[in-house]
């Protein structure tokens, strides 16, 4: 007898099955009866593999007043995510073996959902030590560092025969600094978008592509925000994957007039003529929330002083399911971009698919649920969103991590999140 049977699971348009779970793993998928000590009837719902957010900032350690691993992971569970990958820019950053290991211990102590970690990059001397902990990637910010420094990371990974991808924030530092200097006397929110123009992103993408091709090493480009940047990436899919965020997908630079600094983010929201739309999703690998919470008083500062970032974990699935209800995307696209591809790109071999032998991670959704997005219902410490009041159709009703429900009907329950080491096989480009 198994631990758990999930019954009447609609896992595809025309396929309903029962799923047996034992010791946190999927052990049987059948249309027949499954004996289990606990049964959950999911008739009327749609069951996806547990969703994976490959781009979150939980601010822990050092900036816990913004978010920490407990509140961030609760927000993830509330939003329908069973696994997250946290970025390294904490205080201190996770850019050496000691701090990387410390962050693992923090997550294991606090997290409700499973998690992996992106490593920061400080110097080539730290790379080998971090590799022992099997990071999801090494993250670099091109707006903060030079091309020669990043080239050193590529060389070190190649010398160590380590197929760990380099994840990149693409904005050219020189273009940004020049533009900001020219616009520093303006105080209107729209000036920020002009200070980090599409050219900064596109030049940086081209530089990173050159490094990836030269070293024959995998690269993942975060939060693409312009069509031209996407066009640059497309011919080089052997080594390069890419991501879009919900705010770049659903908002444009006109949102500055309504929301001001609440929508300040890097890269900034783009004009309608250059932004990425849902119709482009078949050309992009994953959707990452870039969940980047801050204190509300920080976000109310002036355009040059307010920190960039938008909290998205608890809204993205509702927003995407609303697009599904309008025929602008499909459930199979959600499954690909928020489960299958993040697991493949970042080496989460036991995640991302509903199949025997995989972790028993599931996101259960009600396609008929309707409502309005309310930030006062968030589990995140960041109780604000530019999507406040948006009407939605479809939402998560249960999040299951290794056979354990960590969210039911909007209530987050106790969890036992684990660190998931990444197992990279070097097959990084588009599947």
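In case you wondered, yes, glycine gets a Cβ from its N, Cα and C as well.
Zn(2+) 2 is bound by 169, 223 in Swiss-Prot, and the record lists one more residue there from 128, 139, 264, which is 139. According to Swiss-Prot, 55, 57, 139 bind Zn(2+) 1; the candidate from 290, 305, 359 that the record adds to this site is 290. Per Swiss-Prot, the candidate among 89, 285 that belongs to the substrate site alongside 57, 58, 59, 294, 308, 309 is 89. Across the residues annotated as binding substrate (57, 58, 59, 89, 294, 308, 309), the widest Cα-Cα separation comes to 14 Å. Between the alpha carbons (Cα) of residue 223 (Zn(2+) 2 binding site) and residue 290 (active site) lies a span of roughly 8 Å. Comparing C-alpha positions, residue 294 (substrate binding site) sits nearest to 57 among the binding-site residues 55, 57, 139, 169. With the fewest other C-beta atoms within 10 Å around its C-beta, 308 stands out among the binding-site residues 308, 309. When the C-alpha distances from residue 59 (substrate binding site) to the recorded positions 139, 169, 290 are tabulated, the minimum falls on 290.
For the recorded positions 55, 58, 89, 139, 290, 308, a Cα-Cα cutoff of 10 angstroms around residue 169 (Zn(2+) 2 binding site) retains 139. Following the DSSP three-state reduction, the secondary structure of residue 290 (active site) is coil.
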